[in-house]
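*Asks:* This is the structure I have questions about; it appears just below.
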Amino acid sequence: FQMKRDSGYSTMAAHQEQEEKLWVAVKMSALVLGSGLLIFTALMNSVSWCVQKIWDTSGYFWQSTWLKLYYLLDGREWSLFLFGAALVPGLAFWCFNGILMVADVTGRPTFITRYRIQLGKNDPVDTQKLRQAINTALFNQFFVSFPMLVPMFYVMKWWGNTFSKELPTFQWFLVELSIFTLIEEILFYYSHRLVHLPLLYKHIHKKHHEWTAPIGVVSIYAHPLEHILSNTLPVMTGPMIMGSHMVSITVWFSLALVTTSISHCGYHLPFLPSPEFHDFHHFKFNQCYGVLGVLDYLHGTDEVFRQSKAYERHRVLLSLTPLSKSIPDTPKRAG
């Protein structure tokens, strides 16, 4: 009887000790998380304050620049719209991709080519395939994207504040940018999965996947129907819903074209967004359909990606050492 009672006491003592350890762990976690949250909040407030100061300082410059352009074009809304929604984003796209294509064709500068993701691919790029990609990209821009700007123009004109002489505040632009990104993620993910259905893939999306190792200009190398559905509408819809200012549209379109070029460029360059996610999609076809990866995570369409070396490399490179060297592929086992 005494042994049973001792055993009961020891069990109760063990439970009590375990509860005390758990309570200490909870308090430590609360302390760490609370401190982290306070530090994070303080940093974010500091960053916001600095950005706001920069914006306030440069605000006059941007406002005066917009007014100069406005009066230069005599306030003609269609001219302003073409300049902001077509010319500036188009120049951003081709200037950025022009640099990448020099590296793709010549292998120089090595500062770019040493960051190649799929080693041995496009080294150098097939010039015949490249010409085909350029021709298709130009066709999609001039005969698909630009005509789609016509109905968009009338939607923006209906809102009434797109061509206002006064620029939006920086805070409002950040709100718009967040909404644009969310809308693009939703529309692109589901339209992209749609064109991966066997029938649509065979007749439409297969063209884009001719490049299993993509390059920047391939971002708009697609069947015209896909270019409408997956490339253009997801980007245009946000500004049309929000009735955004022309300058916000210009910045958003330019960002969208440059970031999609980065995600297709085939190089994981320092200090730029990681292209590993979408590059893996071209490599595996049935993974990583979205832009941000949020919907892929929710739908489980990134499970293979998360088990790969590409996932380990999927971060902003903050050094000059290529991730293919610091996180090399697992050596293949001998046969």
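Heads up, the Cβ atoms here are built off N, Cα and C, so glycines get one too.
Unlike curated entries, TrEMBL annotations are predicted automatically.
Copying in the features that TrEMBL gives for the protein in this structure:
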- 21-43: transmembrane segment (TRANSMEM)
- 78-103: transmembrane segment (TRANSMEM)
- 138-159: transmembrane segment (TRANSMEM)
- 171-190: transmembrane segment (TRANSMEM)
- 179-301: domain 'Fatty acid hydroxylase' (DOMAIN)
*Asks:* In the same chain, who gets a Cβ under 8 Å from the transmembrane segment (171-190) while lying at least 6 residues past its ends?
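*Replies:* Here the qualifying positions are 230, 233-235, 237-239, 241-242, 244, 248, 251-252, 256, 289-292, 294-296.
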*Asks:* State the mean pLDDT for the domain 'Fatty acid hydroxylase' (179-301).
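*Replies:* Across the domain 'Fatty acid hydroxylase' (179-301), the average pLDDT comes out at 96.
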*Asks:* Work out, from DSSP, the number of helix, strand and coil residues along the domain 'Fatty acid hydroxylase' (179-301).
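*Replies:* Here the numbers are 86 helix, 1 strand, 36 coil.
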